[in-house]
């Protein structure tokens, strides 16, 4: 049954990684603006113009 | 010549390629692209030169019209003090600045604003937050300057709203982030603790592995620590603050419940080898925090805190001998000469020195039509000059002017945090004392046995923890706030819903609130006008920005506009012009008929064509559609008053609309309005005030609920508790009624949660409160209360036609 402890430890570590990812996402401002990125993604990258 | 004129007749409407405004003709064009004005054409040329025409392919005609554009002078942005106030951060190389841009309205706007670096190579990057209508720019100060960027934005039709008070927003922003952190951590702990408590729920016999159970419990304690010490600290802080002020708010029983849950669980696990109630604890905190997020719905683009500073210019042009310089308005001193151009606002009380003063006070005093001011007369701050530029000399400081003095009153310094009247807080006082005495009773009951007494005492406190109670308010009110928002009625926060439900007196401002701001009732009295004559008149008034001209322009049905020659506008008198070789004279009675007027009746506009007097246009306030019906509904339940800064000319009309049952008061100054509300409140009335302009700012602030009405939520609205789009004006009675419904829903859910408490308490009294039972009862009661309030508000809103 000791194997259960290993499994629990592993699951907690995985869960902690996800918690960390969430906290990082909040910190880096991904929840600040939930609308503009959905529009921004539709714009074509205009690389040609950049080179002008 | 005549044929040419005929060609200019508009048969089909041509819309501007840039802004989709109607074009009067197709003379302003580039190839096949037609523009309404040269301003729009210039913007197109600028974008075309820089290969930025994608702007026009994302959305059709995405621009902001340049028709009424006047070039502004941004020299004041070179002022160091002012720059520091606007700039967020600068390290000498890179500078960050955030602008608020209300004109942002479509995806093309986002695209062009994020491609600004192509127009100015000093701009390193620009980012849009569309919902907040904000633009964040990073630029290199060595290559470009703040002034250049603002000028660029202005030239594109995205004039930033420069506001020096905007910086304190970051504090609110951090609070939101903290709430998200707390929820994340609480959710993480809640999930994992539940997982580790599973053997307990399933009553799996782990006797042979009791050390496993022990280990699980200790892991649970570890997991619950951040929830207890971090995620729930707001409740402890708020409860402590309340107790210090001798107020038992809803957070007191919550904090008590959380605290007891935690202590009892630790005790159970460490001393008794039990499982504790940590799953209930973390679940409770998690749900409560979600309720908080739900309640904290805010309208980012709206500003409920605006004072006169965001209405007044932030800079003025001063004249020093022959030099004209721009200085920030804060540095304006008494005795300085300022130049006020067309449509500019006078920042401080001053005396007219030069020019024709034609001041629009509608926003400041409620007077509908502009006032003529003679040389040497006083102009009050907040008035807007209409017509040619004038020169004035200030006689008071900006903050000491007639209107701005209002902000020095106590009503503006009141502490906004006093939300003790909220229903949940009133109930929680009795609730807290109730459960504490219950717990003590239960303990006394079992007394000789200390262990059982302790068990019973804590069990009562745990099971009575008012999580359902605490969740019903945020979810009901949060949902109501959203339902109102869908109907273009935007509340500052959820407390306003409760306040709205308890009002008994309604006060209306007249101009702009119950009348339409940009729309008047026009009547022509005199000889019949032929279609051609109407066109001639319309062609002339099309050239004038005077509100009366605009009213006549809108009144005459559009047909065709002729070019106008020899146009001459005499401020405060009228217009003479030549159209199609006809001499048209429009203006005051004296101007047109040469008869001396007995009284200054500015609401009659006379017309003469080729020296023949045709009659006059009578221009009156236009009351909002459906006002009479709304008023008759409201009169049944509330006492109604109308306060007007205008004269008594509308008294009879108003009496008819209000069935003679409203108190009508005229010639009320902004201070009078504030005092009036205060007087009503001293008679223990709960006052709801509707207003729209700066002149109502004091009254809106003083009243229990102040609602400002606006035709366009981007426009300036004075500080208030709520902003109502004028389209939804007809719904005000429904809104007030629905706020009462919400309160009833809260009461109903309180009853529901008390039933849960009684069930829980009977179990606790019998000492049967197992961790499993608590873990089921708590989420069950919370979730069912949330579901109940959400369904009830939506159903009832649907019934009232709000969804």
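Don't overthink the numbers, they just go from 1 along the chain as shown.
Glycine is treated like the rest: Cβ placed from N, Cα and C.
Residue ranges B:388-408, B:409-429, B:430-450 are listed, and TrEMBL annotates B:430-450 among them as transmembrane segment. Between the stretches B:159-178, B:179-198, B:299-318, TrEMBL puts its transmembrane segment entry on B:179-198. Outside the transmembrane segment (B:430-450) by six or more residues, the chain places 248, 252-253, 256, 456-461, 464, 466, 469, 761, 764-765 with a CB less than 8 A from a CB of the stretch.
Within the domain 'HMA' (B:95-161), the DSSP-based counts of helix, strand and coil residues read 21 helix, 21 strand, 25 coil. By the Cβ criterion (distance under 8 Å, sequence gap of 6 or more), the transmembrane segment (B:218-240) is not counted as touching the transmembrane segment (B:771-797), fewer than 3 such pairs being found. Outside the transmembrane segment (B:247-263), and at least 6 residues removed from its termini, the chain residues within Cβ reach (under 8 Å) are 224, 228, 232, 234-236, 238-240, 277-278, 280-281, 284-285, 288, 420, 422, 424-425, 427-429, 431-433, 435-436, 458, 461-462, 464-467, 469-470, 473. The average pLDDT the prediction assigns to the domain 'HMA' (B:95-161) is 86. With a cut-off of 8 Å between Cβ atoms, the residues of this chain six or more beyond the transmembrane segment (B:269-290) that come close are 179, 182-183, 186-187, 189-190, 193-194, 197, 200, 210, 213-214, 217-218, 220-221, 223-224, 227-228, 231-232, 235, 254, 257-258, 261-262, 462, 465, 467, 470-471, 771, 774-775, 778-779, 782-783, 786.
Long-range Cβ contacts of the transmembrane segment (B:179-198) within its own chain (Cβ-Cβ under 8 Å, at least 6 residues beyond either end) map to 216, 219-220, 223-224, 226-227, 230-232, 234, 275, 278-279, 282-283, 285-286, 289-290, 292-293, 296, 771, 775.
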